[in-house]
Amino acid sequence: MRQHCALKHGILKEFLAEFLGTFVLVLFGCGSVAQTVLSRNTLGEPLTVHIGFSVGLMMAAYVAGGVSGGHVNPAVSLAMVILGKLKIWKFPIYVIAQFLGAFVGAAAVFGLYYDAFMDFTSGILSVTGINATGHIFASYPARHLSVLGGFADQVIGTGMLVLCILAIIDGGNIGAPKGVEPLAIGLIIMAIGVSMGLNCGYPLNPARDLGPRVFTAIAGWGFEVFSTAGHWWWIPVAGPMVGGVVAAVIYYLFIELHHHRDEPEKPHEEEEEEEEDEEDDDSSLKDKYEMITMS
């Protein structure tokens, strides 16, 4: 009974950690986009958006890292399942927490900037057009991007994210100093943002993209958030999951599989104690032998 209660309490802690971590990520990330768009680029630019998402992920990892690992991304959680670092039964629980955290984070951004949204859009919330605001919350492709190109973009981008995260937390690699891992992970997003953001803005996270997208559909943008750009919405959901799995397999085959694992050596003191015990046994046997011969 106690074990069952402890298990329920443990998974609840992890659920809440993933929820809060994803909330922090979306609040800082989508908040930075909202400030840029709604101020018509007077209080923001692409670099400030990169900083917002980078710092958002870093803070999310600090918030949830010590409790749940700070995945805040279903693609990362799936990679951990593949590598045996997360129990498979926990995976759907993590995903639900991440989706809900992203949904609530988007709602918080909308509430924070509600008056600015109304002023910017004159009360008409749209995904396309000169006063479009749907892209504040979810990703939409550039005009040049094909479906295949978008899918490849998400596989490669998320693959690099997961690959680098695995390197940072790998105790058999150089890794990062304890407590500095979130900073290093935040810098990965910065690198991806400045090098791979042209096509669709590097969503790389099914929960971070789908959660806010569902919120916008409910909050007034309508079904257009799913139908725009040839029903683009599924690509930043499926692509990152594939990228996470591919990165996990590649990292395991190329790096983790080749780590040198030494068998644990016996402590020097234990060896000395064993030698002393053997000497004591020998001397006791010798004493017994002498006693028998004397009698």
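For all residues, glycine too, the Cβ spot is worked out from N, Cα and C.
Under the heading transmembrane segment, TrEMBL lists 15-38 (among others).
Summarising the annotation, TrEMBL assigns transmembrane segment to 50-70 (among others).
For 91-114 (among others), the entry in TrEMBL reads transmembrane segment.
If you look up TrEMBL, you'll see 120-138 (among others) marked as transmembrane segment. Beyond the ends of the transmembrane segment (120-138), by six or more residues, the same chain brings 30, 33-34, 37-38, 106, 109-110, 201, 203, 209-210, 212-213, 215-216, 219-221, 224-225, 228, 233, 236 to within a C-beta distance below 8 angstroms of the stretch.
What TrEMBL lists as transmembrane segment is 145-169 (among others). With a cut-off of 8 Å between Cβ atoms, the residues of this chain six or more beyond the transmembrane segment (145-169) that come close are 73, 75-76, 79, 83, 175-176, 181, 184-185, 188-189, 192, 196, 199-200, 202-205, 230, 232, 235-236, 238-240, 242-244, 246-248, 250-251, 255-256.
The transmembrane segment annotation in TrEMBL covers 184-202 (among others).
According to TrEMBL, the transmembrane segment annotation covers 241-257 (among others). Taking Cβ pairs closer than 8 Å, the transmembrane segment (241-257) reaches residues 73-76, 78-80, 82-83, 154-163, 166-167, 170, 172-173, 204, 206 in its own chain, all 6 or more past its ends.
The feature region 'Disordered' is assigned by TrEMBL to 262-295.
The feature compositional bias 'Acidic residues' is assigned by TrEMBL to 270-282.
As annotated by TrEMBL, compositional bias 'Basic and acidic residues' applies to 283-295.
Residues of the same chain lying 6 or more positions beyond the ends of the transmembrane segment (91-114) and with a Cβ under 8 Å from any Cβ of it are 11, 14-27, 30-31, 34-35, 38, 68, 71-74, 77-78, 81, 136-137, 205, 207-212, 214-216, 219.
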